[in-house]
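**Student:** Quick paste of what Swiss-Prot says about this protein:
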COMPBIAS  1196-1208  compositional bias 'Pro residues'
COMPBIAS  1345-1354  compositional bias 'Polar residues'
COMPBIAS  1645-1668  compositional bias 'Polar residues'
DOMAIN    5-65  domain 'L27'
DOMAIN    134-221  domain 'PDZ 1'
DOMAIN    248-328  domain 'PDZ 2'
DOMAIN    365-453  domain 'PDZ 3'
DOMAIN    553-639  domain 'PDZ 4'
DOMAIN    686-758  domain 'PDZ 5'
DOMAIN    1070-1162  domain 'PDZ 6'
DOMAIN    1241-1324  domain 'PDZ 7'
DOMAIN    1464-1547  domain 'PDZ 8'
DOMAIN    1560-1642  domain 'PDZ 9'
DOMAIN    1703-1789  domain 'PDZ 10'
MOD_RES   Ser459  phosphoserine
MOD_RES   Ser522  phosphoserine
MOD_RES   Ser645  phosphoserine
MOD_RES   Ser1211  phosphoserine
MOD_RES   Thr1535  phosphothreonine
REGION    1168-1220  region 'Disordered'
REGION    1333-1362  region 'Disordered'
REGION    1645-1669  region 'Disordered'
REGION    1805-1828  region 'Disordered'
Amino acid sequence: MPENPAPDKLQVLQVLDRLKMKLQEKGDTSQNEKLSLFYETLQSPLFNQILTLQQSIKQLKGQLSHIPSDCSTNFDFSRKGLLVFTDSAITNGNAQRPSNNLTVSGLFPWTPKSGNEDFNSVIQQMAQGRQIEYIDIERPSTGGLGFSVVALRSQNLGEVDIFVKEVQPGSIADRDQRLRENDQILAINHTPLDQNISHQQAIALLQQTTGSLHLVVAREPVHTKSRTSINLTDTTMPETVHWGHIEDVELINDGSGLGFGIVGGKSSGVVVRTIVPGGLADRDGRLQTGDHILKIGDTDVQGMTSEQVAQVLRNCGNSVRMLVARDPVGETSVTPPTPAALPVALPAVANRSPSTDSSLYETYGVELIKKDGQSLGIRIVGYIGTAHTGEASGIYVKSIIPGSAAYHNGQIQVNDKIVAVDGVNIQGFTNQDVVEVLRNAGQVVHLTLVRRKMCSSTSPLERSSDRGTVVEPSGTPARYVTGAVETETNLDGGDEETEERMDNLKNDNIQALEKLERVPDSPENELKSRWENLLGPDYEVMVATLDTQIADDAELQKYSKLLPIHTLRLGMEVDSFDGHHYISSIAPGGPVDALNLLQPEDELLEVNGVQLYGKSRREAVSFLKEVPPPFTLVCCRRLFDDEASVDEPRTTETLLPEMEADHNVDINTEEEEEEELALWSPEVKIVELVKDHKGLGFSILDYQDPLDPTRSVIVIRSLVANGVAEKGGELLPGDRLVSVNEYCLENTTLAEAVEVLKAVPPGIVHLGVCKPLVDNDKEEESHYILHSNNNEDETELSETIHDINSSLILEAPKGFRDEPYYKEELVDEPFLDLGKAFQSQQKEIDNSKEAWEMQEFLPPRLQEMGEEREMLVDEECDLYQDHFQSMDLYPSSHLQEAAPVSSVKELHFGTQWLHDSEPPELQEARSMMNMYSQETQQYGYSTENMIKENFGIDSLPSISSSEGNSQQGRFDDLENLNSLTKSSLDLGMMIPNDVQGPGMLVELPAVAQRREQEDLPLYQLPRTRVVSKASAYTGASSSRYTAGACELPEREEGEGEETPNFSHWGPPRIVEIFREPNVSLGISIVGGQTVIKRLKNGEELKGIFIKQVLEDSPAGKTNALKTGDKILEVSGVDLQNASHREAVEAIKNAGNPVVFVVQSLSSTPRVIPSVHNKANKIANNQDQNTEEKKEKRQGTPPPPMKLPPPYKAPSDDSDENEEEYAFTNKKIRQRYADLPGELHIIELEKDKNGLGLSLAGNKDRSRMSIFVVGINPEGPAATDGRMRIGDELLEINNQILYGRSHQNASAVIKTAPSKVKLVFIRNEDAVNQMAVAPFPVPSSSPSSLEDQSGTEPVSSEEDGSLEVGIKQLPENESSKLEDISQVAGQGMVAGQQKALDCPTDNAVSQMKPQKYSTKVSFSSQEIPLAPAPSYHSTDVDFTSYGGFQAPLSVDPATCPIVPGQEMIIEISKGRSGLGLSIVGGRDTPLDAIVIHEVYEEGAAARDGRLWAGDQILEVNGIDLRSASHEEAITALRQTPQKVRLVVYRDEAHYRDEENLEIFPVDLQKKAGRGLGLSIVGKRNGSGVFISDIVKGGAADLDRRLIQGDQILSVNGEDMRNASQETVATVLKCAQGLVQLEIGRLRAGSWTSSRKTSQNSQGSQHSTHSSFHPSLAPVITSLQNLVGTKRATDPSLKSSGMDMGPRTVEIIRELSDALGISIAGGKGSPLGDIPIFIAMIQASGVAARTQKLKVGDRIVSINGQPLDGLSHADVVNLLKNAYGRIILQVVADTNISAIATQLENMSTGYHLGSPTAEHHPEDTEEPLQMTAG
């Protein structure tokens, strides 16, 4: 039977919880039922009663032998199982009373009858001469006894004494008037509280008593009448203490704060902990450290916690009046308690004993008295030394907390060694053991310490460092101290231990600062020396003075107006952690940046004499906002990491053996808590790889260190198929890389880690890796550091890298280095980095040697650690410096000015084709490129194959020259949204950075004409003008190409890199350009059969693109072509897969006019229509291949080609294949042996639509997984039958996908050959991890339709039939569906090669006359309703005709925002941020991202198009329709220089008041507390809004207010035009009931706006009035349906979609419009389908309920069923319904789809129009006309 049933039961429950979690993670659900049953049994009341009864029986047996002869043995058991004794009579002083049943916790009572000498003697002994009182209190049937107790440990024998802490006024105990505060309870119900009774048992005795409570108490003689000043926390002095000094202090807050800090608790009182030097309290002079705060204003704060007192202070306003007390007096002088968790000391008895070692050491004893919940006030540190330096081992005093018991004692000094605690020798104990001994010690602690005789006393400065600086014990060799494993421990106890520790850490420096003596010197030197003394030698202190004149905030703001105002003032952002404030980023060009002194990760200590160190972030930021210039900043920078801090203990290499042998590595409690965050095992495993000419065969990324957000770690991202790492089998993706040979990678950036890996010579490489922790098993903690990161080591490392890679490293431009926001970099395709070696002297180049190194450039400093960045470190070529000796093409200044491109660039090399007449520089450049070509041949590849297979490039441009077929080498700097390049290498030549700016067009008259005869490609098509002689050897300068926008941005230095997820190509359009005599067309082109840019999903941009358009040229005059447009066709010649040369020739040979078919990038995915017109027809002389190419291309965007990682195609040799297959399968099974589940390896044959798989990611966005969520019944996967829904893909064709996104898998499937090898694992728990629930009907279901959810054959007259399975998906807010090509959110068949050839509304207007016949089938299997109504499978045939001329696209940079339509706009940020403030998000009732304010100094205000109230739907392709508030802020913060937004402006949202839903909120403001909310005012205009709601406050408990609500009035006083300060003052001064009038943006209107605007942009009407608008196929409706299902309905959030009926109540006045449009009914053209809501108007009363949705089926109106009613009947019902209208509705997926279709059809008609002549309910006629 358990000794302690309750704790044991709790422990078993915790073990069960952990066991269930582990089984769930492994996917094992077989034991769930048993575990649940076990869990329920343990928690059942019956089981608890059995436990209690067993315990009572055991206790009874133990007591029976001790029953006195005169004691009653009558006992019973209560219903709960407790032991109950019955006594006949008890003695209470002189009174005799009958006894009730007394429940005691199994402890036998001793009744104090006359003659019971045993009981009386025990009581007398416990009273120790004090007055004894016998008290009886009748316990009421309800409520408590009215007093509280506190348990304190006494000095003798470590007993726990119970004292009365407080008697509540008016309670039973108070009315009895016998029980008093400070009484010690000696016995409860005749049970003496001696050493046999624990504290918990005593409390149980009090709580479980029924009837009368019999107490025996001991009381000291009363010395004072003061009850409020009794000190309850010192058992050695229970006498009352009253204060020697009480003072009334009044402080007037000047805005800078009160200037003092408080700590404490209910038991010890709240005391002044610190006084800020120079602060208000310090200047006033009356308040002192240690003062007890008794009263604030009229509020008695005794018994409050420090947080409650702080709230009272905050509510006081500007004037704060306090009653404080100090210097308690009584029989004994007692130091008043300082902070709650700090000890209060009595004068210690000095027991200095004779020195044990008269020559070196003296031993002395110290007695410290600590109070309950408080510490001794010392920090200890443990040193691990060797045998011959015993003095370096042991526990030493590291620092002493000012005001603590140790501090007041005065005998303990820093560096004293603790040898014994209460007589227990602690030598040889670990830190943790010593901590436990000290914490478990009694009230009086006897310490025995040893001190070196010649040790001088340390200064307060040495005691005060909490930054990990260890003061070296005298006589201890330095090398052991710096390498010590140090665990700094604060010896706290009680509930406030953590708070106390943090308070102590924050305030050490404050205490030390008070004791510093000023040295006459310059202010800067004085500050510097003061902080240097304080921090020690490990930190460099910097003093910066900024005498700024802030003329314009816009000049300082570089990123976003969402950054706080202090960033504008100082030009830097600050991150705060536990009182430390670190510079996280520095704005380029800002005041701090101009100093060139500070850098990110420096800590900000002080500003203008006010110390920020130790302050909260709110205090620090508030101060930085207000502090006036000039600014004097004091910052520090850590110099070394030799010494471990408290939070990260580690040791240097020299001590590693001792640590491993001893296993006594000390960890404090904070570190144990942090271990829960660790992702990797602390054990370092050494992996040996042999580096060959291809590299190590893995790629890396950096990842935020979970234990330290300011650092990053290097993680293996993926392995190259058949690479060195994969063959070794010991490395896996996710392993943490900590060292390479002797180089430690701790605290290195990603770029530095890549350089280290590249610098390693071929041969054996030793990698230190940490494996990920599995199943939360925590191994034995051991700390390590492989290489000491001091300055000397860093210098050595950088010099080594420089020696090896001196020709690779190009200095990053300063602006780029300071950019704080980075995105993931796909760098599997390196670019050529031209380094310093180009400046060296000329020397002959040996063509046989390897000459080129391909690498990715990334800035050396990465400020933002939250994002992942990756680099490829394989496919290396050995580098020899002498290969570059002759490449002094241009002066060094050009090279240093040229900024490397931080995105992926392509590089091709060919054979030498230049003539001798060319300049030598060109020949040299060409020869170097040839070397690379020869080098790749040595590997067994042709240049083309190598680049094709390893870098994802399909082919190289083939050029016919006089020397035979060769490959042209060129290097086009195509820049995406964030590229920084100012240089280019074109036709194998360097271009100086100063050539008349980027994008300049250059003609080459002499060289160009000569090359024309050789059929060489030229970028400039016409012939005559010379633009610049300075660039006579250049083909073209830097081009700009945007992978996510229609127009390429002007890019500034300092902007970061962003790689879009996927491209969204707009529809093809036709542009005609008429030639002019002797004038060029004015365009330059770039591209060809080469991959230009790889996107995040693996898609590769490839083709012919417009590089630049001259303004005054024929092309420029059309205003139809832009940089970045893709040319699909020129005058009938298809350029989709043309080489660069073919494109040039096609343009040259085109007639007049030149007819281009081009595409521009769009920010949203669209289904692209076919394009057929006269310009598209195939020329008679085109061969059949060209015709086939053209048909393949019709209307489709370029398909993704290859994944980023290099992929080597399998060998053709069948024998080798068999052997390698077996070997590979074995390796695969070894690689994934640790993963839970069943591993499968299969091969499938793709068909024309791919594999027939739909993929999705993990529900947990922090984990990358690829799950199968749907299998097309007609696809290869379903035919094979081995794959199931829920399988997780690990590899495709030896390409490791484990740990990558599902977009990557899709891209691999699409580009894979016909035979696909899949490795996947099957886990039962996978369904719970998938981001998207499996499609409802599996392929094996007999009820499934032909294609599971309906197919959509789309036929056109000229294209063949194309069939694709579209799945209607259940709503899931966290879904991240596979997005194949241009179809968003529909889970299309993965591997589909063609985009669906369906027009959207927008695309219809841009098509030539053509005919579509679209059959739409709605799947009934999606609706789990029984019985299924007949309308579930309605077929609707739509036929549309259109004859529209394709218009030119609207320029998003200038187009106005049309209300009621989704608009795409572009805004260039310039030198400021966007300047937007937003509200809303899916996690708020607003459920949409809405602009709250447009700041006048921001880019949006300068642009002038965005208004407050506009809804933001997308930001640079990131969909915000279902984003949370934080996700939207993140997306807006990380925008590049040119921002592309999709916005929607509701037509009804022109008048502010109309947008608001106004409602009253009454909050009860309690005395001493606020309302629990923060407010903020608009910078421009009026209005005060709620910015934050405090947890636990009145507003939070009320649960009606949200962030973004506007306060319209307070207690009837209008606040619409009031300032923030006015509203704050009114709210602070309000008392009691506070009546607020709140305005909130209507959520219904935004929801409706989003729904009705899905396809509004660009929707066209037929030019023939007899035809209705063209209807988009239902795929667009399904897309809209998925997009419009929102989490507004709580049922959706919990279970996907609530199919049950809902009752909606609408209050409608006579003048109100109901605001809904209905469709359906008996006899409807849509069929006899039920009445459903077709539209909801934002301005109607129905929208205000926020409970109705488009597509809801109306079951009844005011109780009248609608079954069998016609449309007109229901319209009349609604028209005549006023007052209280009760609608019963039900959500229906099929109805929703039809409703959404009708929305699309009705665009442009009167639906919801406020100007409609008839009621909005009556909308059937136009709907019928449209649908007919």
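Glycine residues also receive a Cβ, built from the backbone N, Cα and C atoms like all the rest.
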**Student:** What stretch, picked from 5-65, 553-639, 1241-1324, 1464-1547, 1560-1642, has the most CB pairs under 8 A with the domain 'PDZ 5' (686-758)?
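**Tutor:** That would be 1241-1324.
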**Student:** Do at least three C-beta pairs under 8 angstroms join the domain 'PDZ 7' (1241-1324) to the domain 'PDZ 8' (1464-1547), pairs 6 or more apart in sequence?
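**Tutor:** Judged by the Cβ rule, the two regions do not touch, with the required three close pairs absent.
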**Student:** Tell me, please, if the domain 'PDZ 4' (553-639) and the domain 'PDZ 8' (1464-1547) are in contact, taking contact as 3+ Cβ pairs under 8 Å between residues separated by 6 or more positions?
**Tutor:** yes
**Student:** Have a look around the residue listed as 'phosphothreonine' and count the other CB atoms within 10 A of its CB, chains all included.
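**Tutor:** The Cβ of the residue listed as 'phosphothreonine' has 26 Cβ neighbours within 10 Å.
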**Student:** Need a quick answer: max count of Cβ pairs under 8 Å to the domain 'PDZ 9' (1560-1642), which of 5-65, 248-328, 1464-1547 is it?
**Tutor:** 1464-1547
**Student:** Compute the average pLDDT of the predicted model within the domain 'PDZ 5' (686-758).
**Tutor:** 85
